[in-house]
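All remarks here apply to the structure that follows.
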Amino acid sequence: MVRAPCCEKMGLKKGPWTVEEDHILITYISRHGHGNWRALPKQAGLLRCGKSCRLRWTNYLRPDIKRGNFSSQEEETIIMLHEMLGNRWSAIAARLPGRTDNEIKNVWHTHLKKRLCKQNQTNPAAEHYAMEDIATNPTGESNSSKLEDQKLSPQHSSSEFSSSTEFSDANADNHDMNINQNTNIWSQAFSKTNEDYPAITTDPYFQLPSPMLSTTTYESTVQYTDFWYKLLMEAEELL
DNA sequence: AACTAACCCAACCGCCTCGTC
DNA sequence: CGACGAGGCGGTTGGGTTAGT
């Protein structure tokens, strides 16, 4: 089964977007909305496929995108959410206002993963972080599984699976100990944070992974970010 | 100054899910 | 119920930039 690429048609441009193309896309969407992405490039007069237009818009041109470096708070939130959600970048992005899944994915792969690996070398208690994507490890329970109540349906990538199956038995033992220890830590941190954010922890949104984003305001999203940060800080104190 | 390695990030690719017919 | 199309997602890549030698 080989599906033809969306840009197979001759004459469709690929590669980096020019300022002119950006301008055309922004102008068109601001006037008409994106509507049907496949039809958009033709209507807007762009020699791009709809997929490319959608990507350019959602990852770069959207007016609500926050550019610039990630704050330490944002980075910690990503780490925390990644621990809970695995490589579900769009779900993580949904909880970080102004950030795109692509951006978060890049930050994770270029900064955070490496940082956690380093931390792992100096702080064995953080092993669960460096063990790539434990939340998606089919053989191990997530540290935060008590919070998630096993509702997640992890999507395993081949790299995630292979890395998680490379543990030695000794590592696996340590791994299990850390999981038990950290599950307890997260439970304690959750209890503390819950006192400050009862509206969030009783919100159906918190029952991951149901994405009730359509009803989520910017303010509430910011509050969620604060919540995750507070939860992380509580957990850190307990480590 | 020239070269190389490492890093960064925008963009592409292929697959999956969902809605429609 | 199955086929198909569109949108969305995550993994990967390639080119530009920066740092190091």
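The backbone N, Cα and C atoms fix where each Cβ goes, glycine too.
Because the structure is a prediction, the values reported are computed rather than measured.
If you look up TrEMBL, you'll see A:9-61 (among others) marked as domain 'Myb-like'.
Look at TrEMBL and you will find A:9-61 (among others) tagged as domain 'HTH myb-type'. For the domain 'HTH myb-type' (A:9-61), the model's pLDDT averages out at 86.
The annotation domain 'Myb-like' is assigned in TrEMBL to A:62-112 (among others). For the domain 'Myb-like' (A:62-112), DSSP puts the residue distribution at 32 helix, 0 strand, 19 coil.
The annotation domain 'HTH myb-type' is assigned in TrEMBL to A:62-116 (among others).
The annotation compositional bias 'Polar residues' is assigned in TrEMBL to A:136-145.
The feature region 'Disordered' is assigned by TrEMBL to A:136-178.
Annotated compositional bias 'Low complexity' per TrEMBL: A:157-168, in sequence order.
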